[in-house]
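This report concerns only the one structure given below.
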């Protein structure tokens with residue numbers, strides 16, 4: 001008798017012969033052993049799936065959206081946020097439709113079905129590059145804040161250009177060894193990241209995902225409240241509705257925000273995982289659309305009120321604006337509340353992004369092995385190894401972000417648009433319509449353009465930074 005033979009009949013019926021547990025390794029090729037269940041699981045709920053997908057979407061990128069309003073104006077900026085939500089929905093629909101046609105249950109197996117072994121491997125590498133980069137950046141934001149325009153740390157504080165910038169903990173308690181950035185990062189890794197990374201099902205993260213979304217809403221509520229107070233008092237004006245284009249330079253500047261908008265909804269690497277665990281797999285499309293609607297609402301309100309509050313002073317990362325005098329009572333307390341809630345939000349996003357990373361790493365190293373969740377040894381070593389790698393990258397090589405500015409942009413647009421579009425154009429099962437193929441070509445053109453702009457902008461910024469710092473060296 002196999003393990004699958006003792007799977008409870010109730011579970012088999014509720015999953016309608018899907019028998020999916022966390023060990024389906026959603027980004028890896030489907031294996032026979034995936035039908036084996038290691039405990040009773042009757043499927044994930046609709047609400048839990050929505051929170052998990054929403055948390056996958058809303059990461060650090062939310063803080064860059066108000067700056068896009070400064071460039072595009074409110075009308076065009078909000079229209080672009082809505083447009084990208086619809087385009088993301090279409091790309092995910094491509095993934096799900098072609099997965100159903102090919103009877104594949106993972107992104108990796110879908111790419112393998114369309115392009116063979118090398119297509120699957122390329123997908124896995126892109127997920128590794130994207131997710132490792134994202135998680136290192138999250139750690140840097142939490143402990144170093146090196147990613148942000150703001151030079152002080154979110155929690156611990158740091159030194160830059162000979163000037164020390166106090167973080168939240170240092171501002172509260174003074175400078176001590178236990179609120180230094182390295183110690184804060186060690187405690188965060190051991191006390192939060194590691195325990196949350198040990199869950200074998202993505203549905204097990206539904207409560208932390210709900211809390212993560214709630215913390216993003218806390219930031220939004222504070223921003224809305226401050227903006228309304230200052231608007232009533234007459235200290236801020238209505239923001240610009242349309243872009244300010246006066247010359248060729250300002251025209252080209254409009255395109256610099258495209259990468260931010262294109263990557264704002266990247267969540268594709270977790271869609272199959274969530275679909276596989278749903279009690280009713282027909283709910284996946286409503287789950288996707290509900291999550292996109294929720295995130296779009298948060299994005300639009302954050303962009304609108306963030307730009308309303310700070311106007312043309314809005315920085316590339318709006319969190320940096322919350323290190324300044326807000327000009328209202330208890331402004332310092334509100335600044336700290338925003339920074340702490342945002343740091344806590346990223347801590348809870350970490351495990352939802354780590355989940356597919358671990359599955360991909362295992363699939364890349366052990367493509368023919370039994371499912372990861374059935375091997376405690378592989379599960380433990382892969383988890384510990386990846387967390388250690390991310391910790392070292394964030395703690396000892398903060399400049400690694402320079403490299404991820406290039407590779408991360410490429411990997412993200414591949415996962416979000418190029419791969420789904422390529423699968424559609426490949427059309428191995430002859431189910432794509434002419435409209436599908438036209439939309440797929442548009443996705444690829446937009447993704448390539450976005451990547452070119454991102455790489456050029458990052459290269460130009462690095463060159464400009466080096467040219468400024470060299471004379472003082």
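Glycine too: its Cβ is placed from the backbone N, Cα and C atoms.
Database features, via TrEMBL:
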REGION    1-25  region 'Disordered'
TRANSMEM  41-65  transmembrane segment
DOMAIN    44-457  domain 'Amino acid transporter transmembrane'
TRANSMEM  71-96  transmembrane segment
TRANSMEM  121-144  transmembrane segment
TRANSMEM  182-199  transmembrane segment
TRANSMEM  211-232  transmembrane segment
TRANSMEM  252-271  transmembrane segment
TRANSMEM  291-310  transmembrane segment
TRANSMEM  340-357  transmembrane segment
TRANSMEM  378-397  transmembrane segment
TRANSMEM  403-426  transmembrane segment
TRANSMEM  438-457  transmembrane segment
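Counted over residue pairs 6 or more apart, the CB atoms of the transmembrane segment (182-199) and the transmembrane segment (438-457) come under 8 Å in fewer than three pairs, which marks the two as apart. The stretches the transmembrane segment (252-271) and the transmembrane segment (378-397) do not meet in space: the count of Cβ pairs below 8 angstroms, excluding pairs fewer than 6 apart in sequence, stays at fewer than three. Sequence-distant neighbours of the transmembrane segment (438-457) (same chain, 6+ residues past either end, Cβ-Cβ under 8 Å): 87, 90-91, 94, 255-256, 258-259, 262-263, 405-406, 409-410, 413-414, 416-418, 420-422, 424-425, 432. With a cut-off of 8 Å between Cβ atoms, the residues of this chain six or more beyond the transmembrane segment (71-96) that come close are 65, 107, 110, 239-244, 253-254, 256-257, 261-262, 264-268, 271-272, 275, 284-285, 288-289, 292-293, 295-296, 299-300, 303-304, 307, 416-417, 420-421, 423-424, 436, 439-440, 443, 446. Only residues 6 or more beyond the boundaries of the transmembrane segment (291-310), in the same chain, are considered here, and those with a CB under 8 A from a CB of the stretch are 50, 53-54, 57-58, 62, 65-66, 68-70, 74, 77-78, 81-82, 85, 88-89, 213, 216-217, 219-220, 223-224, 226-227, 230-231, 236, 238-239, 264-265, 267, 318, 321. Scored by C-beta pairs under 8 angstroms, the transmembrane segment (378-397) has its highest count with 121-144, from the stretches 121-144, 211-232, 340-357.
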